[in-house]
Amino acid sequence: MKLATEKKTTRQKLSIAGMLITMGVVYGDIGTSPLYVMKSIVEGNGGIRNISQDFVVGSISLVFWTLMLMTTVKYVLIALRADNNGEGGIFALYTLIRKQAKWLVIPAIIGGATLLADGMLTPAVTVTTAIEGLKGLPINGNVLVSNQREVIILTVTILSVLFFIQKFGTDLIGKSFGPIMLIWFTFIGAIGVMNLMGDLTMLKALNPYYAIHLLFSPENKVGILILGSVFLATTGAEALYSDMGHVGRHNIYGSWPYIAACLVLNYFGQGVWLLQHKEVAAYQNMTDFNPFFEAMPAQLKIPAILLATVAAIIASQALISGSYTLVSEAIKLRLLPRIKVDYPAKLKGQLYISIVNWILWAVCLAVVFYFKNSAHMEAAYGLAITITMLMTTILLFHYLGRREKRWFLAYVVLLFFGAIETIFFIASAAKFMHGGYVTVLIAFVILFIMFVWYRSNSIKESNTFKSSTVSLLAYKRQLHDLRNETSLPLYTTNLVYLSKPQAEPRGKNMVKKNILYSILDKRPKRAQVYWFVAVNVTDEPYTAEYTVDTLGTDYIVSVQLYLGFKMEQKVNIFIRQIIHEMIHNGELPAQPQHYTTIPNREVGDFSFVIIQEDLSPETQIRAMDKVIVQIRLWLEKFTDTPASWFGLEYSDVFVERIPLVLGRQKAINKYHLKRRQEES
């Protein structure tokens, strides 16, 4: 049976409006790369005084082929086809193949952790780079930003405002993102054409020979490490894949050629400008110039900087929203603790996670204050995302081979792109000592939390006593008698317990013994209907289905909810829908209420019991496993409450604490008490 939900349409057909939305949602990161890619390449080689024609042509060739191979071929042509009901990204890919091998969770959590870590650096890099364009630039005779300190203040202000407005939703301003990004791409493409017309010989950079030649040329003073800067041109490719569910694959197919053309034209235009100005004395000793801004007419610089700032904000917004989505997916897949997820806008796909928002804000500001300028940030940027891309390649290999049975393509992806990404990783690893350790540290913290959460789930499942799970059939008679025991007060009309999903068919109608203990032993709870509800997270993103088994009664209901990994788990709403359907179908009797404000009310009151586990001192498992479980229980103190997570904030909820006993229970019978004989 299906549940009534407001499902977000993830597979949109190709349309002008769809492609416009795509420009605002998908291309923010990769679209702002021209702000710092060539700047980073030139600075890495010692400045404009150390570049030559071969160096510039080779650099542009490296950027071009990186965009073509990594973004166009791997992600647009191959990865976008590996979708989970229209959803993309590393976790969506993982859900497609996780049943094939348990170890695939390793590349999934590593890739997810590094993608989140990289997303924390992106807003700081893009906004700082854009604002630096204002430094020393006269506006109406006055210099608005005269030094780096003022750049930092303005950057921090913009980022703080951006993060502050997240809780109110961004759907209103989000409607303008697409048109603004269309203007941005058209503008940078036009500037590129204008410069390229000055020296069409730059088109020889289309030949990959110049890219390969530069890697081994003496003109290149950093050797293969130049790829650490080149890689910045494609860091947004992973975000492109992750955001597929918001806009649809076909809208990316339709819009990418235009986006790619504008990016390539701008890079080529910057290359021409560098060749034409490498001998200009004014630039010889400049250490912080940006060829992106220098390559345009003076009268366009101020509009360009303002437009770049807005584009950087849009790119940052896309990364922030992407982080919310990534965390939400990880929670549903039981890879991260449950934390409160809000939906501030009318659009169901727009999330807001308060704790994630403020952690991102704090990290972004810390990055700005620590690195102080974009050059230092660029030195740290990109290392984490190379790891994400490698992990995606591993998962793509298993998807193409094991699921699609296209083994030739699978090995091409693994060997070809795996080799390229390994080289990029080696080149980017040199950034570790220049600030790359920041993103590695952030990624490690996220990875540690993911590992603890995933591993503790495995420990609990493998060490819980088999006797801790019982069949409802064995207690059917007792529940019947308790229901009809008039000497006990009616606890509630509908008593609902959230139980753990059990494997079918052996686990059918099986629940944890502590649930029956709560009903029968701890304090007998008399109710008209006993509900045992299990939430199963499916590999599809927007599944909303359920099954029921009444065990041939009208007082026991075993419900299995099947919800997609992107669905809200609003149990209260779903249970009320189910009981109305069951009463309408004659599976349950009506529950008329004598005292009510609702005319013709058929459903009685609900009480929800949530059982909270505390690690018992009687637990006997390996010391390391015990530490992991204890860390998990500590983390749970900072997570969302089950009542909030399951949409029960305004329901009648009771929390019962029970000991969590794992492994073999300590024998206490060997300690036999002997009664003392009292002296007469």
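Each Cβ is built from the backbone N, Cα and C atoms, and glycine gets one as well.
According to Swiss-Prot, the transmembrane segment annotation covers 16-36, 60-80, 103-123, 150-170, 177-197, 222-242, 255-275, 302-322, 351-371, 380-400, 407-427, 432-452.
In this chain, the transmembrane segment (150-170) lies close to the transmembrane segment (302-322): three or more C-beta pairs between them fall below 8 angstroms, excluding pairs fewer than 6 positions apart. Long-range Cβ contacts of the transmembrane segment (255-275) within its own chain (Cβ-Cβ under 8 Å, at least 6 residues beyond either end) map to 19, 22-23, 26-27, 30-31, 33-34, 37-38, 42, 48, 51, 53, 56-57, 59-60, 63-64, 67-68, 71-72, 76, 185-186, 188-189, 191-196, 198-199, 202-203, 205, 233, 291-292, 294-295.
Residues 20-25, 27-28, 31, 34, 203, 258-259, 261-270, 272-273, 295-296, 300, 304, 307-308, 310-311, 314, 317 of the same chain, all 6+ positions outside the transmembrane segment (177-197), place their C-beta atoms under 8 angstroms from a C-beta of that stretch.
Sequence-remote contacts of a segment are chain residues at least 6 beyond its ends whose Cβ falls under 8 Å from one of its Cβ atoms, and for the transmembrane segment (407-427) they are 69-70, 74, 78, 224-228, 231, 383, 386-387, 389-390, 393-394, 396-401.
Contact counts against the transmembrane segment (302-322), taken as Cβ pairs under 8 Å, peak for 16-36 among the stretches 16-36, 222-242, 351-371, 380-400, 432-452. Contact check: the transmembrane segment (16-36) against the transmembrane segment (432-452) gives fewer than three Cβ pairs closer than 8 Å, residues 6 or more apart, which falls short of the contact criterion. With a cut-off of 8 Å between Cβ atoms, the residues of this chain six or more beyond the transmembrane segment (103-123) that come close are 29, 90-91, 93-94, 97, 159, 162, 235, 238-239, 242, 312, 315-316, 319-320, 322-323, 326-327, 330, 335, 360, 363-364, 367, 377, 380-382, 384-385, 387-388, 390-392, 394-395, 398, 438-440, 442-444, 446-447, 450-451, 454. Using a cut-off of 8 Å between Cβ atoms, the transmembrane segment (222-242) and the transmembrane segment (380-400) share at least three residue pairs, counting only pairs 6 or more apart in sequence.
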